[in-house]
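Chemist: Take a look at the following structure, please.
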């Protein structure tokens, strides 16, 4: 019962933390606006960039990344402070925290469950949990984006790459594999509209502002 409560508590805390959507807050505080009214109607960094420019996008990137960092560091801090207590496996609890932080970003309770697509938060938590898988995914995704100018294509391919790297190189840690597969599934699901537009050749390229 105690183990369940610990998993539950960190999952809820991480979800609420992830629900603090940086893109929506930036658009409301700095521009008295809602980014979800423009472009792709998404509250992520790419739509912020296209709608408000580089400064707003940089703030959004930082905020989206920090949510994942804080969620994981919070678990590690509590375990460090109570290292002599009987607690469930640290890595397993961390995986729950990471997943629910991304879930909160995608479906924020504070903003009628309409958030971002979870790419930045996902890659941040993966880097923290496995630098090789995370950084390899990030580099390949950026190269795809740079070559094609399609952020959505780099994001979707990055999701597949992260899951594949976890499956092939982290067979020793089933929890991490499951986390990467779930995060990849979320990213692909959130990009389903982009995938259709890519197939039809109507997806917007990076650098094209939309209002």
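The backbone N, Cα and C atoms fix where each Cβ goes, and this holds for glycine too.
Copying in the features that TrEMBL gives for the protein in this structure:
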TRANSMEM  6-26  transmembrane segment
TRANSMEM  56-80  transmembrane segment
TRANSMEM  92-111  transmembrane segment
TRANSMEM  123-144  transmembrane segment
TRANSMEM  150-169  transmembrane segment
TRANSMEM  174-191  transmembrane segment
Chemist: Go through 6-26, 92-111, 123-144 and flag the stretch with the largest number of C-beta pairs under 8 Å relative to the transmembrane segment (150-169).
Modeler: 123-144
Chemist: What residues in the same chain, six or more past the boundaries of the transmembrane segment (123-144), come closer than 8 Å to it by Cβ-Cβ distance?
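Modeler: Here the qualifying positions are 64-65, 67-69, 71-72, 91, 94-95, 98, 101-102, 150, 153-155, 157-158, 161-162, 165-166, 169-170, 176, 179-180, 183.
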